[in-house]
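For reference, the structure is listed below as structure tokens.
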Amino acid sequence: MGKLRIILLVVLGIGFLLGLVLFFIGYFKPKEASLNIETTPASLVYINGQQVGRTPYRSNIAPGEVVVKLVPEATDAALTPFETKLNLVSGIETVIRREFGETEDASTGEIISFEKVGGKEASLAVVSVPDSAQVKIDGAIRGFAPVKPPITPGEHQIIVSAPNYSERVITVRTLVGYKLTVIVKLALSGEVKEEEPKEEQPQTLVEILPTDTGFLRVREKPGPAGAEVAQVKPGQRFLFLDEDESTGWYQIEYEKGKEGWVSNTYSKKVEGVLSSPTPSPKGSPSP
């Protein structure tokens, strides 16, 4: 009877110690990270070179750095696989969304992850590819990526856009004490919009008429007594600035930032679009 009690106590003691060891191992063992992957179309999922499933894919993984590769399943078009390196954090879920295109530039998607930072506020960071894309949150422009705007806890709509790229609309939920990071990849829209040249509006110009000498003097003041500052040729047109009431002479801009007067006998006002003036150097005497 005494031996039985001793054996029972030993067994209970070993069981207690084993349970204690397992408890501490579980307590100190780091929590697993969570990985959630969604793609269009469906794709095979490789982690560190090993196939682990197909999308939609969700799994708990040991924290640490991993290489994730997504290979789209066969379609009519040859789509470009996606590969990225992630640092999976204990207790944090990372979401990958990907829409495959025939090239990397034609592909789009986002990577979303939470990080516990503590405190009584929510935090948000938005990064874009290409860089400097415009970021709107709940309809208001909040800057250009990368951006870390102040954010309230709750559901928010993020719109990321850039010229010549298709915009990306993402709905997220921010939480108190957590930082939400969104890395957005935009796809080229395929429609590269060139700036349409602005239609030049007609202006009042002064056209130089034929002269006996083949040129017309431009003077500092209206009238033949004004000092000569340049010469212009028949057929040339210049921007009309003013008209002298007493002489009828026209003030023109004969060079960029330079003004002078020409005789209305050898010039006339016309409507048209201005081309760059090319005044002649000062020459020999005549009208």
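Cβ atoms are placed via backbone N, Cα and C, with glycine included.
What TrEMBL records for 6-28 is transmembrane segment.
Across the domain 'SH3b' (203-271), DSSP classifies residues as 3 helix, 38 strand, 28 coil. The domain 'SH3b' feature in TrEMBL is assigned to 203-271.
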- Per-region confidence, the domain 'SH3b' (203-271) (mean pLDDT, whole number): 92
